[in-house]
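Per TrEMBL, transmembrane segment is recorded for 52-78, 98-117, 148-177, 197-220, 232-251.
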Amino acid sequence: MNSQAKLPLLGFFQQLGEVGILLNKTLKNSFKRPWEKKIFLRQLESIGVKSLPVISLTAAFGGLVFGLQTYLGFHRYIGPGSEAYGGPIISLGLSKELIPILVGLMVAGRVGSAMAAEIGTMKITEQIDALISLGANPTPYLVVPRTIACLVMLPCLTLYGDIIGMAAGFFYNVYLMGVNRAIYLKNTLLYLELWDVISGLIKAAVFGVIIAIIGCWQGLKAEGGAEGVGKATTQTVVIASICILIMNFFMSKVFPASL
């Protein structure tokens, strides 16, 4: 391996180490007091309440599209009258895979970038250096509240998205396409297990930690003025989105189909 090929590889492992160190510091400081509860409450509002409109639209149209494709699949390959048996597939697909991913990607774009921009601006204007010079640790002040807020709110948003998405899929099949409502609901309740929903919520919690850690990490390493802050926000969205998709695959592979 030549030196030119080694440089990107070394840079990757260096950045991976930086993220690992920040995650380790965050975990250690999460169980210590005090950390900033005001920032935590503000982040709960920013991540949760202010994300409801975009999550509502995303989950609703995700459920409609998934309901549409499931209906067409049953109608085309199994035959007319079988569409009512698509309810469990819609519910399983939304709760275990589609809604956690969509919520994670939406929050990464809306909240992760905001975290990187806010902390990056503090870094550029030397506010973080001022905290350190006063003997304050920036991790419990800046990183821990955001990480815990994401850890709490992502599962809540995902559960909300599950309800909206399943309702949208039900609405499309039953009210728009005339699928038998009783059979649709019966099969959904028969085959949808609690673990299917819980596994999606666990994924969402992991995605929340990924978004917060990457957003804070990019903000803390921002440099070069406004251009550096813009670069940090862009990289946050890209890296967090890729990590969410990769982590989703491995978690889907590891999680049992049912308990």
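Numbering starts at 1 and runs along the chain as it is shown here.
Cβ coordinates come from backbone N, Cα and C, glycine included.
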Most Cβ pairs under 8 Å with the transmembrane segment (232-251), selected from 52-78, 148-177, 197-220: 197-220
Stretch in 98-117, 148-177, 197-220 most in contact with the transmembrane segment (52-78), if contact is a CB pair under 8 A: 148-177
